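Enquirer: First the structure, then my questions, so here it is.
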């Protein structure tokens, strides 16, 4: 039996429940706590049935147990409004916080683009941007590593059913955080993000459009090669990530059209937006866990 790093999840909604399913398959992570605020929530009930410890008292219900239960990594899948306080309390216990809200108080992490550089820095809070960011920023980065991108615009379309109350409350934060990460991680000089919730029935698969305006004429062969290479990187942890059309070149503009099919861990396969977020968070946590297990990373309490 290999040693696993123990984890807690805050937020038993769509994202938290999907993430729990992924963590249970991990070779290096073991989910032991699920934290919510509503004792009747489906997510808490489901976690209890799986034998996971639960609390409906929010993060304050978890803190007293973290040391005894050896929790070293905590995932926050609640809302941007409460994340800073959650993170402060968790960091004070010496645990790493992986933020799946658009709060973005820690540095952005998009695994195929910049995960490696984060792991060596010993950060105590990393932010997973947004589902739209995880799906599209690798494409912006694939273009910007070939030649400068003056402007990057991403449009993420997700099914209404896959957007729970937390996601809906965070729409403004979603657009701000994603646009910021299109610049900081994607490498665009200016970024813009748009999210569309589509109420169609049956629910539509996640679709993403990425437009990059270049400073000079595009090197079509190099950009095409870079995009295909990046798609293979993303597919390592989200197999349902695929290029539907593109790259399409129109003057200095490059456009890429994507679809993201989920694994169907919690919501059906149309909810690729959950998968790309939770798979990226699990991938990030696994990298940190491997460093901890190898003795290369020691987490220390952070007192605000």
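Glycine is treated like the rest: Cβ placed from N, Cα and C.
In case it's useful when we look at the structure, here is the feature table from Swiss-Prot:
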ACT_SITE  131  active site, acyl-thioester intermediate
BINDING   162, 163, 164, 165, 166, 167, 168, 169, 170, 273  NAD(+) binding site
Enquirer: The record names 162, 163, 164, 165, 166, 167, 168, 169, 170, 273 as the residues that bind NAD(+); what is their largest Cα to Cα distance in Å?
Expert: 16
Enquirer: Using the CB centroid of 162, 163, 164, 165, 166, 167, 168, 169, 170, 273 as the NAD(+) site centre, which other residues of the same chain sit with their CB within 8 A?
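Expert: Going along the sequence, the neighbours come out as 13, 14.
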Enquirer: Restricting to the same chain and to sequence separations of six or more, state which residues have a Cβ under 8 Å from that of residue 162 (NAD(+) binding site).
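Expert: Long-range Cβ contacts: 14, 203, 206, 267, 270, 271, 273, 274.
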Enquirer: Write out the long-range same-chain contacts of residue 166 (NAD(+) binding site), meaning residues 6 or more apart in sequence whose Cβ is under 8 Å from its Cβ.
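Expert: Long-range Cβ contacts: 11, 13, 15, 77, 78, 79, 101.
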Enquirer: Could you round the CA separation between residue 170 (NAD(+) binding site) and the residue listed as 'active site, acyl-thioester intermediate' to a whole angstrom and send it over?
Expert: 12
Enquirer: In whole Å, how far is residue 168 (NAD(+) binding site) from residue 131 (active site, acyl-thioester intermediate) when you measure between their Cα atoms?
Expert: 13
Enquirer: Counting Cβ neighbours within 10 Å across all chains shown, tell me which of the binding-site residues 164, 170 comes out on top.
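Expert: Ranked by Cβ atoms within 10 Å, first place goes to 170.
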Enquirer: For residue 170 (NAD(+) binding site), what is the secondary structure state per DSSP, taken as helix, strand or coil?
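Expert: Looking at the DSSP assignment, residue 170 (NAD(+) binding site) belongs to neither helix nor strand, so coil.
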Enquirer: Quick check: in three-state DSSP terms, what is residue 162 (NAD(+) binding site)?
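Expert: DSSP call for residue 162 (NAD(+) binding site): helix.
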